[in-house]
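Just lifted these from TrEMBL, have a look:
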REGION    1-25  region 'Disordered'
COMPBIAS  1-24  compositional bias 'Basic and acidic residues'
DOMAIN    27-118  domain 'HSA'
REGION    51-173  region 'Disordered'
COMPBIAS  55-125  compositional bias 'Basic and acidic residues'
COMPBIAS  129-141  compositional bias 'Polar residues'
REGION    430-487  region 'Disordered'
COMPBIAS  453-464  compositional bias 'Gly residues'
COMPBIAS  465-478  compositional bias 'Low complexity'
């Protein structure tokens, strides 16, 4: 009984404990429910806050869009206002130009009228003072009295050109007028300063005073020859006293630019020549003047005058080669890339492609400010241009940069989306077909134009080294031209008088006349074994197209004659070498075996006579952009001359040959060299081996900055 009571008590305790446990669980469950409810409330509140934030962001985006639209409207209005102002300014400039032309025409008419009046007065005076006949057989007596203090002066016979020139100046005791008369009658070199090299110019005793005099001459609006004299003074200061010019460089530049825009071609050409000398001599000091000078030069390059276009091209070449490349790039693009004149756009594209070659793909696609962001959109614009020449130079720019690893990325980043497809299609064609030949328009460039036969701008005694031809020498030149033989005469250039006729004959429509002119050209060169200076350049520019003449007989004959004139070419400017190489190597694509073999022999002679350092750059250009038949030949020729050039000028090899090698190794790796891939690959391997034998470990160090596949290919070739 006692045990039952204890068991009952134990059961009661257990029951109480379970009841307590149930109460605790119930309390815990209630707490959990409260926490869950609080958490749900917090989540709902956070969700509402997030929705409010998102709505606020949306409202802010809409407000930002409204502000953007407002800014775009303002920019559009400003652009329209700027365009209207520019149009008004151009209209005003056009009116001023027309007014200047009208005044110039009036002055010329008035001058002719005065000259005619003087001639009539002189004739009347001569008649009144003529010798009189008294009716007897006595000697004739003159009624004119001799001047005081002396006997009558004898008249000095002068040429008609000089008498016509002198008649426009009155006799005066004013020293400035006496100088003016001297400048005109003596045939000042300033009127044709583009024919006078910097080396022929002498320094000033007082350069500061000379600069003031030059400014005074340039400010003269009446006498264009004094302007030319002032420009010549600036050239002398540029050569011998650059520190004087640099102190007032902006003022001097503005003064020269004003003369570049002069309506008289002699003054304009002198100004362009002066700018070219300033680029070459002053170098990077001219960087700050690029914006104003490049725009004017590009605009002049669109004019119809062939001589002015030639001068502009020489000046722009000096700009590209002498000044800071990035500054030149910005100036060219802003000055002519979007110009309405197709010739200006073509000139801009031409020199941008030349600048791109100088800078190289790595620098162009480095992402630097004002370089990548400008060159790629401009090249994309050029490849869709209406002018075939502009499109060609646009493709050439893309050809330079399209193999760079960053090319696709930079195109996507900087080229407008509506032009990206054109760029990629163009690059695809470049990879499969290569750059191709330039359009036919480029073959009839300014240097091949026929010169005027009158020679109206020439002046006797004006340029050092010029030869004044008498009527007899002119007749002898006609006879020698007809006979096809040249007769040596005394002077700086033997046979100089036949050059105008020879240039015309080299460009004649009749192939027989062109072939005969080639022989005459060889005779002319052999008469002047020590060189002909600038006159050689003029006639040689007409000879170069015969090396790729459309008539195979003329083409072959010119190739056969080329080795005979190479000794003279060695004495001339190195600027003649690239066009010779381009014309000569174009024959390697010919299916005519005679032309091909003769061209190869001529190229070997070229290597023999011409300084090999001058051949490296044109050889590299031809090897990189030539067809699959031309590439292996030119790469082999490069490999032949690399050892001698590297021994003399290793920097030339580093600048031109190494970029070509990287391009060849990259193209032979990915198989984009075309049908002649095996031949190109063999030649590239030989070039790499030759470079390694000259440079050693320096070659592999240079290759370390290239992409891995180029490094691997190079290590396979050199076996290290």
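Backbone N, Cα and C define each Cβ position, glycine as well.
As the structure is a computational prediction, the values presented were derived from the model and not from experiment.
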Which value does the mean pLDDT take for the domain 'HSA' (27-118) in this predicted structure?
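Average per-residue pLDDT within the domain 'HSA' (27-118): 87.
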Provide the three-state DSSP residue tally for the compositional bias 'Basic and acidic residues' (1-24): helix first, then strand, then coil.
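Counting residues by DSSP class gives 23 helix, 0 strand, 1 coil.
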Per DSSP, what is the residue count of the domain 'HSA' (27-118) in each of helix, strand and coil?
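Counting residues by DSSP class gives 92 helix, 0 strand, 0 coil.
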